[in-house]
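Trainee: Shown below is the structure under consideration.
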Amino acid sequence: MVTLGFARDHTYAVMGLGKSGAVAARALAAAGADVLAWDDTAERRAALEHASGVTVTDLAARGLAGVDALVLSPGIPHTHPAPHPVAAAAKAAGVPIVGDVELLLRALPKRRLVAITGTNGKSTTTTLIGHILASAGVPVEVGGNLGRPALEFDDPGADGVIVLELSSYQLELTPSLAPTVAVWLNITPDHIDRHGDLAGYVAAKRNIFARQTAADLAVVGCDDAVSRDVAERLRRAGRRVVDVSGDGPVVGGVYAEDGELVDARSGRPETVLMLAEAPALPGEHNAQNAAAAFATCAALGLDRTAIADGMRSFPGLAHRQERVAEAGGVLYINDSKATNADAAARALACYSAIYWIAGGRGKEGGVSSLSAYFPRIRKAYLIGESAGAFARQIGDGCPTALCRTLEMAVRQAHLDARADRQPGAVVLLSPAAASFDQFPNFEVRGDRFRTLVRELVDGNGGADESGAGERRAS
């Protein structure tokens with residue numbers, strides 16, 4: 001764990017005691033800070049009641065007198081839709097509001113840093129970059145929004161690299177961020193409730209570039225209009241920019257074309273590898289992720305061979321088009337991380353005989369934007385709060401079944417796919433919705449899918465189950 005020496009003899013308030021907040025409270029206390037901590041959930045408060053150097057106290061009731069900084073969980077709003085009372089009190093009192101990543105950067109200000117953001121693909125790209133660096137023998141610490149709290153990192157040393165996935169929430173709470181390489185993958189509407197509108201969301205994301213110097217590099221996906229505009233603005237400001245694309249050539253960039261990953265940074269396109277050699281990176285979206293990872297690792301000094309070798313050995317990431325099983329002519333894919341339509345589109349584009357499990361807590365626009373993929377879908381099995389709305393949006397685009405639960409959907413999809421004997425059949429969990437109506441998070445949802453599939457494939461549950469309301473397209 002990184003030592004936060006700068007915190008000694010200072011007072012910090014920590015609001016939000018989930019995984020990253022609890023680690024932050026303990027790390028600050030270990031460094032000799034006075035720590036005041038609170039969470040609106042009693043269970044999380046109880047977990048820190050006896051932590052050495054941590055005082056669990058209601059920060060809203062106590063106030064922030066004498067507090068040097070408020071460490072705020074990124075999941076707690078401090079602007080839209082309305083600031084949490086503790087965040088509002090900090091602003092009123094002039095107390096700085098930071099996140100745990102900011103504490104890491106203050107502790108290790110001279111380390112090489114890669115920061116990755118975007119609406120989709122962040123976790124895969126972050127993990128891929130970390131894997132390539134580690135495979136090449138570079139000391140590396142990987143985490144952030146990905147799941148491993150930043151303050152659990154060790155110091156990778158002067159020759160090492162810190163690789164951070166950063167959400168829009170985290171970027172608002174990291175005023176010292178100045179990445180050696182900043183990676184911007186893409187933008188589609190998401191988290192609008194937290195940023196007011198799309199412009200607010202984009203502005204939060206652009207913080208990733210705000211403090212870069214002329215020596216630093218911006219790697220920008222150029223497969224959507226907003227991101228192309230971001231790249232152009234950076235160029236006009238005199239920044240170093242490498243464009244990356246999963247959808248064809250870009251001048252002076254890195255891109256995928258005809259199944260090849262191509263490096264054209266020198267002005268002369270050269271093939272890096274055939275993307276089929278990296279089976280954990282299917283689809284156009286992963287081609288862009290691979291292009292971004294190549295540009296990043298090349299900027300950090302790795303040669304083309306080392307990067308290609310790392311891509312070939314990349315095992316993939318749980319809940320991101322994770323291959324769970326293949327049996328009876330059916331492939332089962334866990335893409336539970338696809339919590340919006342744009343992410344689901346990336347999976348739907350990869351397959352042609354899809355038994356699609358979708359639904360949960362829907363987001364703005366639902367699945368209307370996915371109509372181009374409906375001909376690929378043999379049947380859609382709709383679950384959760386959004387099932388009815390998704391069925392209406394799909395209309396006659398493909399057959400649908402309204403299922404109460406993931407369990408019912410998996411069983412029905414499994415039986416239908418086996419019975420149809422369709423070449424290339426894929427049972428795909430790619431919900432295009434959040435999980436919170438039925439599961440604590442997308443990981444638990446994906447884990448449950450994995451368990452259900454393995455039970456069915458192993459022969460422990462293939463009987464039919466009534467209760468799904470089916471409607472066939474005419």
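Backbone N, Cα and C atoms are what each Cβ position is placed from, and that goes for glycine too.
Curation plays no part in TrEMBL annotations; they are all automatic predictions.
Sharing the feature lines straight out of TrEMBL:
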DOMAIN    116-296  domain 'Mur ligase central'
BINDING   G118, T119, N120, G121, K122, S123, T124  ATP binding site
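How buried are the listed features, and what sits near them?
Mentor: Sequence-distant contacts of G118 (ATP binding site), defined by Cβ-Cβ distance under 8 angstroms and a gap of at least six in the same chain, are T125, V183, W184, L185, N186, I187, K205, G221.
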Trainee: Other than G118, T119, N120, G121, K122, S123, T124 themselves, what residues in this chain have Cβ atoms within 8 Å of the centroid of the ATP site's Cβ atoms?
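Mentor: Nearby residues not in the site list: I116, T125, L185, N186, N289, A343.
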Trainee: Starting from each candidate's C-beta and looking 10 angstroms out, tell me which of the binding-site residues T119, S123, T124 has the most other C-beta atoms.
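Mentor: In terms of Cβ crowding, the pick is T124.
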Trainee: Among all chains shown, work out which of the binding-site residues N120, K122 has the most CB atoms within 10 A of its CB.
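Mentor: When each Cβ's neighbours within 10 Å are tallied, N120 leads.
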